[in-house]
Amino acid sequence: MVLIRVLANLLILQLSYAQKSSELIIGGHPCNINEHRSLVVLFNSSGLLCSGTLINKEWVLTAAHCDSNNFQLLFGVHSKKVLNEDEQTRDPKEKFICPNKKKDDEKDKDIMLIRLDSSVSNSEHIAPLSLPSSPPSVGSACRVMGWGKTIPTKDTYPDVPHCANINILDHAVCRAAYSNLLEKSKTLCAGILQGGKDTCQFDSGGPLICNGQVQGIVSWGGHPCGQPHALGVYTNVFNYTDWIQSIIAGNTDATCPP
């Protein structure tokens, strides 16, 4: 475990450029050590890939564009420099992406389920987050978190994950900024209208948490991050709850909503 942790630290510190969906938190602050128990690190030999969300002891939710070969998942991490005794590392056993996802459109159905090679144990720093029971309403207060950039135009990354409070905004706000935005049922528009708080590079795949439930998955947004009226776009998890539950139940041929 110590060797794996050392390697993971080296990889995470080798942060390289990735699209906005893998971003860091802009305008946030260091998360409390116990408030991100469901946050997962995805990494491979090149470094940090993305974040994810533990939704039960055997399954992780992340973005489809985070898919890569030979990655591992790290649970219970707070500081890259200080080991938590309950940190756990797992390999993916199976990966599920919507079979009806448009292959030439990275933004379409940007959701992936990962089954772990063995279950993780709940602990002081590890616990799953609930799937949504209903979609969030416009104006809902939400929380984002991750190890992404903290300054939009610089490769500045934190030792511990940063958190920020943002709001669900009307879909029309994002539609005005992004002509290629998917329909309302598939995505959530979230951020601060005047800018200053946003997800950024290497936050991709991480959770948008509203009312204690994972309502969104960090997908994409404006460049640089955190600009006025250029909000973050998140996969709408509620739209995919039936698919998620079907896959977990063993129906691996389940299809996502069109």
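In case you wondered, yes, glycine gets a Cβ from its N, Cα and C as well.
If you look up Swiss-Prot, you'll see His65 (among others) marked as active site, charge relay system. DSSP classifies His65 (active site, charge relay system) as helix under the three-state reduction.
Per Swiss-Prot, the feature active site, charge relay system maps to Asp110 (among others); the stated evidence is similarity to another entry.
The active site, charge relay system annotation in Swiss-Prot covers Ser204 (among others).
Residues annotated as disulfide bond in Swiss-Prot, with sequence analysis given as evidence: Cys31-Cys163 (among others). Over all protein chains present, the Cβ of Cys163 (disulfide bond) has 19 other Cβ atoms lying within 10 Å.
Feature annotation from Swiss-Prot assigns disulfide bond to Cys50-Cys66 (among others); the stated evidence is sequence analysis.
In the three-state DSSP assignment, the secondary structure recorded for Cys256 (disulfide bond) is coil. The disulfide bond annotation in Swiss-Prot covers Cys98-Cys256 (among others) and rests on sequence analysis.
There are 22 other CB atoms within 10 A of the CB of Cys210 (disulfide bond), with all protein chains counted. Annotated disulfide bond per Swiss-Prot: Cys142-Cys210 (among others), in sequence order.
Among the features that Swiss-Prot reports, disulfide bond is placed at Cys174-Cys189 (among others). On its own chain, Cys189 (disulfide bond) has Ile168, Leu169, Asp170, His171, Val173, Cys174, Leu231, Gly232, Val233, Tyr234 as residues at least 6 apart in sequence with a Cβ closer than 8 Å to its own Cβ.
In the three-state DSSP scheme, Cys200 (disulfide bond) is classed as coil. Marked as disulfide bond by Swiss-Prot: Cys200-Cys225 (among others).
Under the heading domain 'Peptidase S1', Swiss-Prot lists 25-249.
Here Swiss-Prot flags Asn44 (among others) as N-linked glycosylation site, drawing on sequence analysis. Asn44 (N-linked glycosylation site) falls within a strand segment according to DSSP. Around the Cβ of Asn44 (N-linked glycosylation site), 13 further Cβ atoms fall within 10 Å across all displayed protein chains.
Swiss-Prot lists Asn239 (among others) with the feature N-linked glycosylation site. Around the Cβ of Asn239 (N-linked glycosylation site), a 10 Å sphere holds 20 further Cβ atoms from the protein chains shown.
Taken from Swiss-Prot, the feature signal peptide applies to 1-18.
If you measure from the Cα atom of Cys98 (disulfide bond) to that of Ser204 (active site, charge relay system), you get 18 Å.
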